[in-house]
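**Q** Structure provided below as structure tokens; questions to follow.
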Amino acid sequence: MSSQEADSLVLSSDPLHPANLIPELCRSFYQLGWVTGTGGGICIRVGDKVYIAPSGVQKERIEPIHIFVLPYPQAPASPHTDRVFLRRPALNLKESACTPLFWNSFDLRNAGSCIHTHSQHAVMATLLWTRPTFTISHQMIKGVRIAGTGNALSYLDTLELPIIENTPNEEDLKDSMAEAMIKYPNAPGVLVRRHGVYVWGNDWEKAKTQTECLDYLFEIGVKMKLAGLPTVLNE
């Protein structure tokens, strides 16, 4: 594929094109405090193509020309295998360090988008819930879907989200994240202790909605916990 053909994968006048959406969403997430300090990330999968933000950059300043495009499916991405790219930015950028974890959401949940945030609410939830899962019953769980891609939860349901331990390198979370997703098949995301959260959905809109709802639940859950209130109905 020529350079011009590769660039055509990210240059579009359509505001809903993934290469246009990712910078817009990253700016929004930055304002929420989710991707400050170059942290966090997002990917969008459309058919056989995956669009991924770069790593280690100011997320609020990303442009469409900075987006990586990878084919899907391909061998699971990891630090030990060469990734296949349809398009790399001309600048000296590296694809998101979250890439192997994004692949978990594709392979295990058939997700169309995955979002990783460093939300302080998520981090605090992992510190106050010392058990392997974060649990809560609350009105906003109706915006969360079973397994992230199934039917919506109801007010009477209890949300259970696994918490995995952090590692020095993001890529090394891949296996423990996959194990948690298999052990908790109904979970719409995975928390990483002292780090943040991964949330996925059928498409970018559902992934975004669920990330917003979960962040609300982390925040209210932390406040309830600190106030000595039960976070699960009839607990």
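These residue numbers are counts, starting from 1, taken along the chain as shown.
Using N, Cα and C of the backbone, Cβ positions are placed for all residues, glycine too.
Whatever TrEMBL says is automated annotation, not expert-curated.
Sharing the record's features from TrEMBL:
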type    : residues         : note
DOMAIN  : 20-222           : domain 'Class II aldolase/adducin N-terminal'
BINDING : C98              : substrate binding site
BINDING : H116, H118, H195 : Zn(2+) binding site
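Situate these features within the shown structure.
**A** When averaged over the domain 'Class II aldolase/adducin N-terminal' (20-222), pLDDT in the model lands at 94.
Taking Cβ-Cβ distances under 8 Å and a sequence gap of 6 or more within the same chain, the neighbours of C98 (substrate binding site) are G41, C43, S55, C114, H116, E170, Y198.
Other C-beta atoms found within 10 angstroms of the C-beta of H116 (Zn(2+) binding site) number 31, with every protein chain shown included.
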**Q** Within 10 Å of the Cβ of H118 (Zn(2+) binding site), how many other Cβ atoms can you find? Include all protein chains, please.
**A** 20
